[in-house]
Amino acid sequence: MNVSKYVAIFSFVFIQLISVGKVFANADEWMTTFRENIAPTWQQPEHYDLYIPAITWHARFAYDKEKTDRYNERPWGVGFGLSRWDEKGNWHGLYAMAFKDSWNKWEPIAGYGWESTWRPLADENFHLGLGFTAGVTARDNWNYIPLPVLLPLASVGYGPVTFQMTYIPGTYNNGNVYFAWMRFQF
């Protein structure tokens, strides 16, 4: 592994830790959030979820063409989760998923997701979501070292079927990836 890759890994982890530190400025806030959001999702889930990865897209403006020509953008895999809707109508989920990454190698990810949910139409089944996910992933090209992730989430859904997505930021020829999956609630 070359020095620039170590710098990139360190920078990524450092930025993630700073972000988490700002969100949870003190332990009481963190424990309250855990107690009110994550623990009930684990202890009393309303739904069991099936995750099916759908697409990975590398932003063409941020990559050399010869790189994107080699990348896998069909991330087949599967995931499972537990979820619930809170009293405000917001979605909370705990999940674990494994999919084929850009290099066609397995990448596991597990974490917690939250989305503020809107139902803008008269049909209450249609919903839009915007939120975040916090979790841990590991990649082949980083020797499967567990890496924390804090990423945005967005979704559009109808009833128990949701198309959910995130964007992984990055630098030139690294990151800048749109990743989306289908989530089926049972």
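Here the Cβ of each residue, glycine as well, is placed from N, Cα and C on the backbone.
Features reported for this protein in Swiss-Prot:
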| type | residues | note |
| --- | --- | --- |
| ACT_SITE | H58 | active site |
| ACT_SITE | D101 | active site |
| ACT_SITE | S102 | active site |
| SIGNAL | 1-25 | signal peptide |
| SITE | K67 | site 'Role in lipopolysaccharide recognition' |
| SITE | Y172 | site 'Role in the phospholipid gating' |
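Features as recorded by Swiss-Prot, highlighted on the structure.
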{"residue": "H58", "record": "active site", "DSSP class": "strand"}
{"residue": "K67", "record": "site 'Role in lipopolysaccharide recognition'", "DSSP class": "helix"}
{"residue": "D101", "record": "active site", "DSSP class": "coil"}
{"residue": "Y172", "record": "site 'Role in the phospholipid gating'", "DSSP class": "coil"}
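Neighbours of H58 (active site), defined as other CB atoms within 10 A of its CB across all chains, total 21.
For D101 (active site), the same-chain residues that are 6 or more apart in sequence and have a Cβ closer than 8 Å to its Cβ are T56, N72, P75, E107, R139, D140. Across the structure, K67 (site 'Role in lipopolysaccharide recognition') and H58 (active site) are spaced 10 Å apart at their Cα atoms. Cα spacing between H58 (active site) and Y172 (site 'Role in the phospholipid gating'): 11 Å, rounded to the nearest whole number. Cα-Cα distance from S102 (active site) to Y172 (site 'Role in the phospholipid gating'): 15 Å (rounded to the nearest whole number). Cβ neighbours within 10 Å of S102 (active site), excluding its own Cβ and spanning all shown chains: 20.
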